Amino acid sequence: MTERDPIPTRHATRWLLQCRPGFGADLAAELAAWSSDAGVAGWPRVENDQGRVDFHSADGRPLPTPPALTFARQAWPVVADCPQLPERDRVGALLEALAPHLPEALAGVWLEHPDTNDGKALGRFCRKFRPHLERALRERGVALERAGAPRLHLWFADSRQVVAGLAPAGSGRPWPMGIPRLRLPRAAPSRSALKLEEAVGWLLTPVEREAALRPGMSAVDLGAAPGGWTWVLRQAGLHVTAVDNGPLAESLRADRAVRHLREDGFRYRPPHRVDWLVCDMVEQPHRVARLVRHWLVSGWCGRALFNLKLPMRRRWQCVAECRALVTGGSGELGWRSAQLYHDREEITVLAWRPAAGSRG
C-alpha cells in the first residue's frame, strides 16, 4: 500500500468480516461459494466463538471487495495487525502501525469487539480508549467526522490485540459492529417489531422505502399474531390483512385498517393483489420459500419480506437452496438477504418481482 492511501480496498490481501457468534463457519462457507463462483483465490480463517472470519488472499494478490453477504454484519479490508500492544502506550503504538495508511480525514472511528458476554467488558474498555485515540489522531492532523472520508475500524480481540482496517465511505452497514441501536416502542405488541424495523432499514434503500412503503398501500401478514410486524406496517400507513389462528394485540383488533383472519397462512389466498407479503412463521424454511415464490409468480404480491428459520447444521447450504427455490435459479425474481442483529437462528429475506422496481 502506498503512503496515506485513502482507498485501501485496491491493495487489500485480507478482509475481516463480522457475524453473529456461532455463525463463523456459515459465513466462511458463504465466502467459499462466492470466491469459487468469482474465481477469487482466497481462504477463510474462522474465529467462531468471536463471530469473526478473516479472508486471506491465497496468492498474495489484492482481493476484490466481497458482495453483501447474508451472514456478514460488517466487512472491511485490513491495513494493520497489532497482536500485542504495549500496556503503557497503546495509542502511540497503534498510531505508529497505522501511520502509513491514515488518510487526511476520517468519517468516523469505530472501535469494535466480539458480540459476546466477554465482549461487553471490552466494550467498556473501548469507550474509555476512544477519546484518547481521537485526540491523538487530531494531534496528527487527521480530521474526524468528515463526510465522504474513509472510516477507521479497530477490532479488539482483547485490550491489547487489535486489527485495523479502513472502509470506503458508504460501505457496509452504517452501525459499529453492524448492530443498529433500536428501541422497542411501548405500543409494539412484541419484540418482533424490531426485526421488521431493522429489515426495512437495511434491506431497502431510502429511495425504495419511500416508494414502496407509502400510506394506503396494502399488505398481508402471514403468521401475524400477536402483531409485531402488522404494527410496524401500520406505523407506515399500510392497510394490513393479518392471517393467524392466534389472537392479535388489542390495539390492532381495534384498528379499522387491520383485518384479522383466523386462517392457516399456507392455505390463505388473497382476493386481490397486494403490495406486500410479510411472513415470520415458525416453519420449515424450504416450505416457506416455496410459499413465497408461489405468491410472487402468481402475481398476488409485488414484494415479500420474510424470515427463514435455519437448521442447526449446513445453514449456508439451506440458504442457497431456498434462494434457488424462490428465484428459480435464473434471476427470475429478485433476492436480498441478511442475518440481522435481531435475527437468531434465522435470516430475513426481501424478494420481489422485477416490475416492483427494487434494485438488484
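Glycine is treated like the rest: Cβ placed from N, Cα and C.
Sequence annotations record features per position, and here Swiss-Prot assigns active site, proton acceptor to K309. Summarising the annotation, Swiss-Prot assigns S-adenosyl-L-methionine binding site to S192, A225, P226, G227, G228, D244, D264, D280 and lists sequence analysis as the type of evidence.
Cβ packing within 10 Å was compared across the binding-site residues D244, D264, D280, and the lowest neighbour count falls to D264. Ranked by Cβ neighbours within 10 A across all protein chains shown, the binding-site residues P226, G227, G228 are led by G227. Least crowded of the recorded positions (A225, K309), judged by neighbouring Cβ atoms within 10 Å of its own Cβ: K309. Geometry remark: G228 (S-adenosyl-L-methionine binding site) versus K309 (active site, proton acceptor), CA distance 17 Å. For the pair D280 (S-adenosyl-L-methionine binding site) and the residue listed as 'active site, proton acceptor', the Cα-Cα distance reads 9 Å.
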